[in-house]
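Right, one structure below, let's go through it.
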């Protein structure tokens with residue numbers, strides 16, 4: 001018993017060391033599990049993926065399981081910093097490193113890529129990894145306009161041309177249904193919205209409108225490869241467009257998750273029209289609040305630019321109002337230089353979250369390109 005308690009104390013102290021005090025795979029604080037075959041400390045969620053890699057990784061709880069002297073020695077000798085030096089030696093700059101709040105497929109494929117497929121050890125891979133070749137093609141299930149059904153469509157990504165194309169028919173000789181410039185593409189995982197664990201939303205600009213494509217693939221590895229292939233093409237484009245930008249600066253602009261999404265109710269510009277339920281997306285990078293009739297619409301109904309307080313933009317909570325069905329709703333009031341917007345939420349928690357998120361965008365300084373975006377949006381309204 002004394003030996004068990006001593007080893008437990010040693011492990012807990014090891015887990016408090018810099019590098020070890022965050023999950024080796026997703027960065028979650030205070031991991032309470034460890035892989036004694038790999039010598040790394042991981043969180044509960046990531047330990048579940050490690051359990052499915054029994055030939056490569058074996059996990060134990062720091063608190064609940066028995067650790068003998070040999071296993072404690074393994075953890076002393078290794079640790080998260082040592083693991084990263086081996087398994088993350090050559091992670092491409094564009095490759096997305098999942099965080100604890102990211103969806104399950106991203107975290108699982110990151111762990112499998114590191115330890116099972118050893119994609120980042122610096123060894124020469126043949127054939128080369130799909131997302132590193134500059135050209136990627138394959139079949140994805142895409143949501144169609146008719147009845148919202150998903151249909152198999154061929155997609156082709158060309159880093160050389162900075163384009164993403166998809167075809168309604170498998171025969172490419174008939175030309176693509178859509179040829180999308182990588183210049184304004186964003187891609188983000190949306191499993192709950194799409195209703196599939198591997199659901200991906202691809203957005204792009206067309207005639208000053210934001211359009212969305214919703215896709216998935218049965219294979220987690222394949223959909224994450226698509227995600228990182230698009231990121232690779234975006235990174236290559238940014239390197240061309242901003243040749244003096246550092247990798248660290250450009251990485252933040254490759255793709256992004258939206259700051260907040262959800263339903264609110266809105267009225268018209270005169271604030272006399274009936275409140276209607278709309279799906280809102282807050283894109284903090286482009287300073288846009290977009291709204292849609294439903295969450296899987298291909299094109300937005302409208303967009304509100306969000307500037308800074310010094311430029312006449314502000315947001316606040318507003319008193320409850322009656323909306324559809326004679327129901328009371330708590331609201332969000334947003335002031336712009338030429339208009340006031342009122343959005344109603346079902347719960348006070350949602351109201352607070354929207355106000356906080358909008359204030360976060362308003363507090364950010366505007367970049368030169370933001371003034372062009374503002375002029376384009378206000379010119380349409």
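Placement of Cβ uses the backbone N, Cα and C atoms for every residue, glycine included.
The domain 'Arf-GAP' annotation in TrEMBL covers 8-128. Annotated domain 'PH' per TrEMBL: 133-235, 257-363, in sequence order.
DSSP assignment over the domain 'PH' (133-235) gives 26 helix, 46 strand, 31 coil. Secondary structure of the domain 'PH' (257-363) per DSSP (helix as H, G, I; strand as E, B; remaining residues coil): 21 helix, 50 strand, 36 coil. If you average pLDDT over the domain 'PH' (133-235) in this model, you get 93.
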